[in-house]
Amino acid sequence: MRANNIGGSTVNRTRSRAAVASLAAGLALCTATTGCTSTDANAEPPALERFYSQQLDWKACDDPKLDPAGAQCTDVTVPLNYADPQGPTTTVAISRLTSPEPARRRGVMLSNPGGPGGSGLDFMLGVGAAMTPDVRAQYDLIGMDPRGIGRSAAIDCHWPRGFGLESAGVDAAGYAESVATHADLAARCAATEGARLPHISTRNTARDMDVIRGALGVEKVSYFGTSYGTYLGAVFTQMFPQRSDRIVLDSAANPETYGSVGMMRAMGPVNEAALDLWADWAAAHDSEYHFGSDRAAVRATIVELIQRSAQEPIRLGEFTVDDHTLPILLFVALDDVRNYELLAGQVRQLRDAADGQVVQPDDTLRESLEMMFVPGKQDGSPQMAVLCGDVPAPRDPAFYLRNIEQARAEQPVFGAFANNITSCAFWAPPAEAPTVVDNSVPSLILNSTGDTRTPYEGAQVLHQKMTGSVFVTLRDVPIHYIFGRFPNTCVYGAVNAYLRDGTLPAADLTCEAD
């Protein structure tokens, strides 16, 4: 998972009432299940023509990664409120890595790295590097900071912290603290960004993507998304099926449980399972780390550390870690099997500090601590703006407490995190109903059986809902986000073949670790 003002101009507010009324009626018909279909499937709404036909001014990105790669950047002007296209506008920042062989270029590929709330301007650098040269030649690669994120007029609620999620703690008193924290965070957003929050949503980002398509002068767009980006991709295919070309959804979110409650709850069991695997590894290295000689002993060390942090917060340099935040440190590291040694080092630092030693966190632990505690290091408020703007959450704190208490026995480390209340419980209701994904757009869906962010079973639900999709399984590897992050001959081969010639595998495919 992935921090100040509205970009662009406020256009003439003397608007055509008829055009606005016509568009509003059209948007009302763009229900959660349909999108924007019309007699002419490729027609763009007349009231939005000036956005679709805008001329883009490409410039250097002023970015240490993008500029050396030869990328260019620009801002795309979009309506803040698509129901009022003559009203205020905002901008969406995009980047472009052009095809290295323009004569072989067949189109453009948009992308999203997840979060929600993640900046995506440089995301396609890694994805492009995973493409074979013949595939890379076919696409201009387009990165994007979605509306309200990064360079796209970022939502800034002036939170006194970075990350917008936390564990509920070890008892009812800890949960009460969490309720107060999230009520305060939501109130800050309402006070500072209340006018824009109704327009920060996945459906509006999908609409922005179609405007970007039009401004780029192409009939269709290909797309690569990972994590939350798979949900965005699925919503785009639902709303704009005729504009969807070659679609790759890597580490796929369950569209039926997406949101601050169902999506989070699904992470509890899979992270406990991932912790078991790490505990086995740590037990095998007990001579180095001394956490315990078997899984149960290592787990007991972790649970005891959380309990101790509740009684006396653990000091690491200028940071203090307690039972609300310690599980997050474990969660962050468990999305990649290659992090086992890193996680062991972090747990050792936490244990040493709990034992009274003066500990300065190493660079990797400091990065995680800054993400959680330092305002602006992690885009916490934009992330919650998207989640809360997409799907409503139960408002009764007792609902979450019941789930937490029921989960503690089987999920002693992550149950209080995965079931905790969030700011969405105190958010204004979403402006639109959640999107129902149910289409036949061809796509390639990838997922590891050991994914701790987008559990395998949820990815299979997306596969069932997107009946034109083919599913690629990476078996027995705890990894979240594969193509461009975790090289695998079988998975990479399937993705590159599809992007090269547009042909999906004849049947679902299972890949083994290299």
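A Cβ is built for glycine as well, from the same backbone N, Cα and C atoms used for every other residue.
Residues or ranges marked as domain 'AB hydrolase-1' by TrEMBL: 109-258. Annotation source TrEMBL lists domain 'Peptidase S33 tripeptidyl aminopeptidase-like C-terminal' at 412-511.
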Looking only at the domain 'AB hydrolase-1' (109-258), what are its DSSP counts of helix, strand and coil residues?
67 helix, 28 strand, 55 coil
Reported in the order helix, strand, coil, what are the DSSP residue counts of the domain 'Peptidase S33 tripeptidyl aminopeptidase-like C-terminal' (412-511)?
31 helix, 18 strand, 51 coil
What is the average pLDDT across the domain 'Peptidase S33 tripeptidyl aminopeptidase-like C-terminal' (412-511)?
98
